[in-house]
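As recorded in TrEMBL, the features of this protein are as follows:
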type: ACT_SITE; residues: 149; note: active site, acyl-ester intermediate
type: ACT_SITE; residues: 152; note: active site, proton acceptor
type: ACT_SITE; residues: 207; note: active site
type: BINDING; residues: 320; note: substrate binding site
type: COMPBIAS; residues: 32-65; note: compositional bias 'Acidic residues'
type: REGION; residues: 32-99; note: region 'Disordered'
type: REGION; residues: 524-646; note: region 'Disordered'
type: SIGNAL; residues: 1-23; note: signal peptide
type: TRANSMEM; residues: 492-513; note: transmembrane segment
């Protein structure tokens, strides 16, 4: 029984693997997946609240719009840089290579314990690799701080994700007049109608609070509803210490973020060419129109990307600064050197100039510490398959027809002193017909696997459908990820087969159990009959032995005799006598009587005649015998009477 149940269970488990599993082995694009903070600890304290919100009237954003033309930047400089505005726009359009750099698969190895980071004055800071999301440096990275105007990076991200750049944004009275007096503004009038793109330029370059409010109304209907959307998106990005209450960053006790969270938000925004183009622009002009009262010249407030600024950093590409009395100076920036692109976030620094210095120092340190390599640039799948002698030649041919793909530009961030010559690749055949995967490329340094990349094919292609239907794929369901929302004919067929197998196994089990129960009942009946038979024999033997002694009496006499009585029946015997010569013989023979089921009392009487011969005579008496049959009658015997003397 145990063996049968074990066999059935094993068969059930075996066939159950015919169905897709929901366990997923996922190799996700590191460029779009929220990364671990590499050991960054939780925030220890909130921003210093000694700067009261009541000072908000004095809390001008950034360095104020007037700072856009300070440090001796004359009108001629502005005019001279007008051409650079077009160049900046052109660079934005040609930035697809940079945007793509964040979309390719990427990872980092050995960069979590870098040494020699510079001392900075900011209370919180993070340096993150834009491609992989690996954190190279963190100082109070998860400590909650007020973000000020770098909040607008999230506002811009949501605008790019939820709007067309040509959508029209109408500036309501609430959007224009609802912001705090003296706070950062582009001077856009009530009733102005701007495209989303123009509104984003005002938002990002001069940190226009009315632009943030207008975008919030356009997307969600109100600041409050838009704040809910901001918090939802932050959670999706993996932000754990962020909560927004408005689209612009004006002071609110419940409006806070962390250096690590802001790096995640900026990294997400950098995936969009539209955002990069705007964030990297020095100047932009909003032309006067029927709804816009004045022509507005917009200057990028971030001096780290302005070539005529004392704080210019040559590798910086895009940036957004912020300032309030409560938040102090905040700054988010991304910079690229070679094929490495880094993000730096600064929170609660003391002075705009110091935030630029800290950012530059961290970038220079980071670029010295790491480098990016592309270990798959020379990888050839067919060559790797042929190098594995366990893979049949015909299978290699079939796989080659699938036109498999993998990220040849796979990016791996490693320490600057990493020896690239130690890197080798190998291929592991691990097919999954549900995900369209044939296996994995292993990136190995020495004895350590430092990266794993899937090799896939298009499931909808004619070659793929023929490959799968032919049965050439060795599907490994233990590690196969599953598209849960897609039901294929193969899945339906496998499910039907599984149901049939389960029904058959259940029928076999039920039949076996029934046979088992019938056999048990038969054995029980046999045992009971044997017990009854043994009991009957015991009673019959005891009764017969006891009665035989009582029922049988035998007595004989030399001169004459009288027979006893039988209790099971009565019979009379008569003797006959004959005479011959002078001698006579008297004999009495008894008849036998039997009793079946009735009870009787009787006695056998002996009669005889005597013969005499020569004065001598012989008298014999034989007693009758009584027997019981059937066992149901009772017999009694009477003591024989003494014979009469003659």
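Glycine is treated like the rest: Cβ placed from N, Cα and C.
No curator has checked TrEMBL annotations; they are predicted automatically.
Distance between Cα atoms for residue 149 (active site, acyl-ester intermediate) and residue 207 (active site): 7 Å, as a whole number. The local packing around the residue listed as 'active site, proton acceptor', expressed as other Cβ atoms within 10 Å of its Cβ over all shown chains, amounts to 27. With a cut-off of 8 Å between CB atoms and residues at least 6 apart in sequence, the same chain places 149, 150, 152, 153, 204, 207, 279, 302, 331, 332, 333 near residue 320 (substrate binding site), listed in sequence order.
A strand conformation is recorded for residue 320 (substrate binding site) in the three-state DSSP classification. Secondary structure at the residue listed as 'active site, acyl-ester intermediate', taken from DSSP and collapsed to helix, strand or coil, is helix.
All chains included, 32 other C-beta atoms sit within 10 angstroms of the C-beta of residue 207 (active site).
A simple way to gauge crowding: the CB of the residue listed as 'active site, acyl-ester intermediate' has 30 other CB atoms within 10 angstroms, across all the protein chains here.
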